[in-house]
Amino acid sequence: MVPAAEPMKQGGVSGLYAITPDMADTGRLCDAVRQALAGGVSWLQYRNKTADSRLRLVQAAEIHLLCRQFQVPLIVNDHLDLAMEIDAEGLHVGGDDISPAVARCHLGQDKIIGVSCYNQLDRAIEAEEAGADYVAFGAFYPSMTKTGTYQAPIELLTAAKKKLGIPVVAIGGIDLDNAGMLIASGCDAVAVSQALFGAQDIQSAARYFSELFD
């Protein structure tokens, strides 16, 4: 378990929400995460679809230590057992994962639960009713990390903000050229992976994304 540190940021999901890339080299991954955190990431999701359970545990635990240093909440993608083992700040679940209500029973009231809602506003409404703390829509643009996903119209963000009382995250193919349009349409946060961790200067890229919310 990660040792206690300074209190985490308060409030709902907002700003730059970084999602880690699939990377087997833990040292390189942690270095990239450190740069992103130094650049102003507000929330970080650990996601590695290619790692086995042992590597995920090692990587998530080390990344959690980094997040604690920067007082940034760590959300674990999909794996409830991993989120519980490292005492992560939250869990993100997709369409084929456990329900937010079940996740809440296991994690307790103080953890953050996010739900992928693709292009489905009804699913987002149900997620909020089931106790989700935020919902994510997308992909809004072609994405290297979210292949074969639903295409979401930008207008969905405006509609969601009118219907929901929880933060809305946009995801899928987001870069510095299109993030501003999504933010202007009402999303509280943009979830970014390739445009951040694939940048030559990760820290600067994180700063540029963060400044879009100023």
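Each Cβ is built from the backbone N, Cα and C atoms, and glycine gets one as well.
Here is what Swiss-Prot says about this protein:
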BINDING   Gln45, Tyr46, Arg47, Asn48, Lys49, Asn77, Ser116, Lys146  4-amino-2-methyl-5-(diphosphooxymethyl)pyrimidine binding site
BINDING   Asp78, Asp97  Mg(2+) binding site
Report summary line: Asn77 (4-amino-2-methyl-5-(diphosphooxymethyl)pyrimidine binding site) and Asp97 (Mg(2+) binding site), compared by Cα position, are separated in whole Å by 10
Report task. Sort out for me which one of Arg47, Lys49 has the most neighbouring CB atoms within 10 A, since those are the binding-site residues we care about. Result -> Arg47
Report summary line: Filtered by Cβ under 8 Å and at least 6 apart in sequence, the residues in the chain of Tyr46 (4-amino-2-methyl-5-(diphosphooxymethyl)pyrimidine binding site) near it are Thr20, Arg56, Gln59, Ala60, Ile63, His64, Leu74, Ile75, Val76, Asn77, Ala88
